[in-house]
Structure formats: structure tokens, C-alpha cells
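Database features, via TrEMBL:
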- B:6-24: transmembrane segment (TRANSMEM)
- B:67-89: transmembrane segment (TRANSMEM)
- B:109-130: transmembrane segment (TRANSMEM)
- B:151-173: transmembrane segment (TRANSMEM)
- B:300-330: domain '4Fe-4S ferredoxin-type' (DOMAIN)
- B:373-405: domain '4Fe-4S ferredoxin-type' (DOMAIN)
Amino acid sequence: MEENKRLVKVPTMAEMAANGEEPEVLFWVGCAGSFDDRYKRVTRSFVQILEHVGVKYAVLGTEESCTGEPAKRAGNEFLFQMQAITNIEVLNAYNVKKIVTACPHCFNTLKNEYPDLGGNYEVIHHSTFLQQLINEGKVKVQGGEAFKGKRITFHDSCYLGRANDIYEAPRDVLAALDADLVEMKRSRANGLCCGAGGAQMFKEPEPGNKDINIERTEEALATLGSGSGVIATACPFCMVMMSDGVKNKEQEESVKVFDIAELIAQAEGLSK
Amino acid sequence: MIQLENIIFLIVAGLGIGLFVWQIRKIRKNILMGRDVDLTDNPSERINKTLLVAFGQQKMFKRMLPAVLHLFVYVGFLVINIEVIEILIDGVFATHRVLAFLGPVYSALMFINEILAALVIIACVIFLWRRNVTKVPRLASGVEMRAWPKLDANFILITEIVLMFALFAFNIAGLKLVQMEGGEVAGSYPVSQMFVNIFGDNPTSLHIIERVGWWFHIIGILAFMNYLPSSKHFHIIMAFPNVYYSKLLPKGKFTTNPAITHEIKAMLDPSYQPPAPEMDAEGNPIVQRFGAKDVEDLTWKQLMDSYTCTECGRCTSVCPANITGKLLSPRKIVMDTRDRMEEKGEHPAIFAPNHYKELGVERVETTDEKTLLRGYITPEELWACTTCNACVESCPVNIDQLSTIMDLRRYLVLEESAAPASVNAMFTNIENNGAPWAFSPSDRFNWAEDIYVPSKN
């Protein structure tokens with residue numbers, strides 16, 4: 001089927017600006033989406049969806065830099081503001097109006113914390129973006145892998161959920177798969193953190209009797225019940241923590257961890 | 001006719017209220033030790049929030065059983081206070097059941113009152129049971145649940161039960177007296193009616209019981225009011241202002257320090273003119289610490305939070321760090337803030353809670369430093385936080401535990417450079433590579449290679 005595929009050339013803001021163009025939306029990839037091997041697959045899935053529906057988008061490419069979010073959560077306000085002010089200069093120079101990102105941490109800081117420093121954009125998370133594409137009928141969720149009857153449980157990201165009250169968008173996206181959605185006991189506003197937020201991603205946990213991701217994975221596995229299933233996430237840190245948890249429980253053969261964008265790309269037949 | 005009893009009552013009530021006002025002034029002074037922050041925006045949204053969360057108990061209903069029981073006590077407190085107002089008027093002007101002129105409204109009020117008083121007793125007994133027999137973990141355990149918080153909670157519950165019994169004694173004896181005299185009963189007393197004969201039919205002793213019940217109830221209430229500032233029970237007052245001043249922004253938005261913004265802008269652009277720093281009374285510039293080391297580095301709202309805390313432990317019971325055995329307990333952060341504030345500032349009239357800090361084997365290794373950080377709260381606790389906001393979400397009175405944790409963390413990092421080594425490595429990576437991991441910025445766009453999509457034709 002090689003002849004039915006086309007190679008994607010991901011457009012950058014620099015190229016667009018050189019051609020005197022502006023994209024509808026800037027896709028902020030984030031550090032995990034750029035460098036983490038597992039999350040790069042999410043980035044690529046999301047780009048496939050953007051290409052598939054024909055959204056006029058662009059990325060910053062090598063001009064992108066860390067939002068400073070992990071520094072801010074770790075208490076390093078100085079480093080955070082350095083990063084933010086520098087990023088805002090780049091974003092404002094390109095006259096960026098709208099940003100979509102697949103990382104709730106980037107999403108939260110761009111949306112809530114950049115305005116204080118002069119960065120005012122319409123920022124949406126990819127779960128909301130995908131929800132809109134599905135609602136508008138641009139993504140039909142057909143032609144690919146069938147998820148009907150498959151057990152999926154969604155793990156809420158703290159920075160999407162409690163931090164920004166986005167609980168329904170990722171669930172609406174998953175509902176479009178027509179799968180068997182099951183909720184963990186601790187979900188939505190009561191969701192349990194994966195353990196990686198607040199810069200925990202970059203350090204060893206403090207002394208305790210259990211790792212947080214194990215606690216959460218046990219809950220997810222119990223919810224999925226026996227047999228195969230999917231833990232759906234919408235955050236690169238949650239993805240790492242839940243995948244590690246599933247490996248720790250030696251369930252990686254039967255239980256897969258996917259980002260919602262990957263599931264949509266699979267269902268739409270984009271990632272064959 | 002005004003008698004000696006009324007004069008004594010007036011003096012007792014005056015002393016009780018005066019002492020309470022004096023204590024409130026101390027607490028106000030303590031809270032104002034905090035940094036200033038403007039929380040007067042959006043009054044209509046704030047009023048709505050107060051109605052829903054404080055008056056409406058909205059967030060309590062995440063857990064049904066305690067919510068319903070607490071509702072009995074809360075509504076009981078509000079409604080029975082109407083009878084307390086009557087008691088005050090009766091006491092001052094030597095009247096008897098002065099509100100009885102309200103007729104059927106008064107009957108309904110007294111009827112509801114009696115039912116609620118009975119429900120309060122039932123609820124308080126169940127609460128005592130949960131604390132001391134079934135030992136609900138969030139109420140019975142945790143390093144911060146030392147002798148004083150446990151004693152305080154039990155003391156309040158027992159006092160509430162005793163106060164309700166005093167009210168019933170007053171109602172029963174009064175009811176019996178009126179019935180014996182063949183007079184018309186003002187009000188309706190379903191519970192007292194059931195027990196109307198328990199005190200016998202000697203008018204003298206009935207009269208004494210009625211008076212003792214009355215005095216006990218009113219002195220009990222005055223004493224209880226003055227106990228509040230020493231107790232977790234202070235939440236019955238503080239919940240309302242605390243919810244009114246709660247954070248209206250998304251929970252994920254952390255504060256921005258404008259002093260740092262000016263510093264960076266001046267660094268990036270030498271022509272940038274930062275605004276003149278604020279001056280103190282002597283004309284010296286006010287230099288604020290970055291982050292918080294002690295209570296005066298927190299905002300007054302964060303200090304008010306600690307006076308509002310009722311030590312229910314909902315925050316700690318949902319904290320991912322605490323659930324997995326880490327030292328962090330958001331409730332402890334809030335309780336430590338109150339203890340430290342009263343050590344540094346004023347302490348209430350009855351108890352200085354610090355004196356009830358028992359010694360023992362504790363994992364929390366504080367130092368002798370007279371500051372909130374390290375003297376009470378250790379870096380290990382602060383570094384266990386995932387900033388997930390579960391504590392903030394769970395708090396029925398909108399305490400922002402996370403903001404205090406973050407301000408203490410900021411002090412560790414910005415003033416002491418005391419972050420864990422791996423976190424420092426992350427900072428260095430961001431500075432050098434623009435990513436928290438050690439990857440080359442030139443590789444940032446490599447993910448875009450070899451992506452294919454199905455062609456549309």
C-alpha cells in the first residue's frame with residue numbers, strides 16, 4: 001500500500017513566515033513530545049491527524065524551548081520566567097494567536113501563567129482539539145482498527161483535570177471509539193495523580209512504602225479486570241508513569257497504555 | 001421585673017463577649033502578619049461561592065455519611081442560635097420566652113429546634129464513635145494528630161452533647177411547670193414532651209432544674225465561644241470569610257512573582273526601567289524574600305487558611321504522597337502554620353497549642369530553628385508533593401494547602417539553592433538545552449522525519 005501513502009513535511013513557523021503565511025494554529029510539541037521516544041509516537045499520531053483533516057498548522061521546530069513548567073513546579077521561578085519570557089518573544093514575533101499542545105503541563109502554563117508575562121494566546125489541549133474535530137465530523141473514527149467492545153479506562157491528568165477542569169473532552173474523544181469505557185473509582189476531580197507532577201518526574205520519590213504510579217496502575221488494572229485492555233492517557237508524564245507501572249506488574253502483554261491521539265489515529269486508519 | 005439574676009447574667013454575658021472580642025483582635029493581628037494580597041475582585045462570584053461552599057456545604061457532600069451528620073450539627077447550630085438570642089433577651093430583660101408572640105411560627109421553630117437538638121446528639125455520638133472506636137484513619141492517625149488535636153475534637157463533641165442536654169433539661173422542666181400550672185404552652189416540644197415526667201412533679205426542684213438548665217446552656221455557650229479561637233472548631237466562623245476569599249483562578253495557575261519579572265527584563269534589556277521598590281515607613285526599600293521561610297512570608301489568606309482548618313484530614317487522605325507512605329501530609333502543613341503563627345505572634349486566651357506538642361518517635365525531623373521551614377516543616381515533606389491539587393479540591397472550606405507548599409519550596413530553591421541534586425540537574429538541562437533532559441536542542445525536530453499519512457485520492 002506504499003503508493004497510497006504520502007510523506008509528511010511538517011511545516012515550521014519560520015517557513016510559513018518566510019512565505020508570508022500564518023497558520024491557523026501552532027502545535028506546541030513540548031520536550032517529551034520532541035525527545036521522549038514513546039511520546040514522539042504521540043506527536044507523530046497527532047500530526048497525522050492534523051494532516052489528515054487538513055488543518056493549517058505549524059510547529060516551531062528547533063525554535064521551541066521548554067516552557068519552564070518543571071522549573072516552576074520545582075520552585076525555580078527565576079528559571080521559569082527566563083524560559084517563559086524568551087518563548088513569549090518568539091511566539092509574539094510570529095504573531096501566534098492559537099496554540100494546541102498534547103502536554104497538559106505545557107497547556108496549563110501557556111494558558112494560565114504566560115499571560116502574566118505578556119503571552120496572551122488561545123491555548124487548547126489536544127483532547128479538546130480532537131473533541132472539536134470529532135464533533136465537526138472531520139474525524140470520523142472509522143477505516144482503521146475497531147475498538148468496539150474493547151475495555152478502556154481513562155487516567156485523568158492533574159494538570160488537565162483538577163488544574164483546568166477538563167474532564168469531559170478526553171472522555172468524549174474516547175466515546176467516539178465506541179469502546180467499553182470503564183471508570184476507575186478515583187476519577188475526574190477525585191482522580192489520583194500518576195506521581196510525576198510537580199517536578200517529581202525528574203527526581204527519585206521521597207521515602208515511602210510504595211510508588212504512586214504502582215498505586216494508580218493497580219487501580220487501573222483492577223478496573224480493567226482480567227484480560228486485555230487499554231489505559232488511555234492524555235499527558236506525557238502520565239504515559240511514562242502508567243507504562244512503567246504496567247511493566248512493573250508484568251501486564252504489558254495484555255494491557256497497553258495509549259494516548260488518546262494514538263487511539264484516534266489508529267481508529268482512523270492513519271497509523272497503519 | 002429585673003432581679004439580681006438578670007444583673008449577674010448581664011455581667012457574665014458582657015465578660016464572655018468581651019473576652020471573645022479580645023481574642024478575635026489577637027487573631028486578626030496574627031493573620032495580618034502575612035503579606036498583603038488583593039482578593040477583593042469579583043464580589044458576585046465570591047458571594048456565590050460562599051453561599052454554595054460555606055452555607056451550602058457543597059464540598060462536604062463528596063462523602064455522604066459525614067456530610068449528612070455534619071449537616072445536622074450545622075443546621076442545629078444555626079437554628080438553635082435563634083433560641084439562644086431569645087435566651088439572651090430573656091436574661092437581660094427578665095422576660096420568659098419573649099419570642100412566643102410569634103405564635104405558630106414560634107411553635108414551628110421550637111418544634112424544629114427540638115428535633116435538631118436530638119439529631120445533634122445522635123450525630124455527635126456517631127462522630128465520637130468514628131473517632132474513638134472505629135478510628136476512621138483520617139481522623140485517628142497521622143503525625144500531626146498529636147494529643148491536643150485529638151483531645152480538642154473529643155472535647156468539642158462532648159460539650160455539644162452536654163449543651164443539648166442542658167437545653168432539653170430547660171425545656172422539659174419548663175414544659176412540666178406550665179402543664180402543672182394548667183397554663184398554655186408557648187411553642188411545641190416533641191422531644192421534651194416524651195420525657196416530660198423524668199424530673200418528677202415537685203415545683204421547686206423543677207424550677208431549679210429549669211434555671212440550672214438555662215444557666216448551664218448560656219454559660220456553656222459563652223465558654224464555648226471563647227474556646228473556639230484555641231480550637232479546630234473555629235472553622236464555624238472562619239469558613240465563611242475563608243471561602244469568600246478563596247482562589248477564583250484555575251487551580252493550575254501558580255502565582256507569578258513580579259519582582260523576578262523586573263529583574264529578568266532588566267537583564268535582557270539594559271534600558272528597561274523597573275518600577276521603584278516599595279518603601280517602608282523609614283524610607284528604606286522593602287526587600288521581600290523569594291518564597292516563604294516563615295509565616296510572615298505567607299499571605300494573609302494563607303494564614304487565614306490555617307485558622308479555618310478543622311483538621312478533618314480529607315486533604316491528607318487523598319494526597320498521593322501520603323497514601324503511599326511519604327511524610328507529606330497537607331493537613332500538617334496547615335496545622336504547623338497555625339502553631340508557628342501563634343508561637344511567633346499572639347496566642348489565644350485559653351491554650352497555646354504549641355505546649356501540647358508531645359515528644360516521641362517521629363519521622364518528621366525538625367530542627368530547633370524558629371521558623372516555619374525546618375522548625376516545623378521539613379524539606380522532605382515539601383519535596384514529596386506532586387502539585388496534583390487533590391488536597392485543594394478535597395477541602396470543604398477551600399484551603400489552598402498547595403500554595404503554602406509551593407512558597408516554602410520556592411524559598412528552598414531561590415534563596416538556599418537547596419533542591420535535590422537531580423532537580424538541579426533538570427534546571428541545568430533547561431538552561432543549557434531548553435529541555436529538562438540532556439538532549440541537544442538541534443535534535444528537537446527529529447521526530448518529524450518519516451511520517452506518512454494515507455493519500456486522499
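Along the chain as shown, the residues are counted starting at 1.
Every residue, even glycine, has its Cβ placed from backbone N, Cα and C.
Unlike curated records, TrEMBL annotations are generated automatically.
Here the transmembrane segment (B:109-130) has Cβ contacts under 8 Å with residues 66, 69-70, 72-73, 75-77, 79-80, 82-83, 99, 102, 136, 139, 154, 157-158, 160-161, 164-165, 167-168, 171, 187-192 of the same chain, all six or more residues outside its ends. Through the fold, the transmembrane segment (B:151-173) approaches residues 73, 80, 83, 114, 117-118, 120-121, 124-125, 127-128, 131-132, 139, 189, 191-192, 195-196, 198-199, 206-207, 209-210, 212-214, 216-217, 220-221, 224, 227, 230-233, 311, 356 of its own chain, all at least 6 residues removed from its boundaries and within a Cβ separation under 8 Å. When DSSP labels each residue, the domain '4Fe-4S ferredoxin-type' (B:300-330) comes out as 19 helix, 0 strand, 12 coil, counted as helix, strand and coil in that order.
Averaged over the domain '4Fe-4S ferredoxin-type' (B:300-330), the predicted model has a pLDDT of 97.
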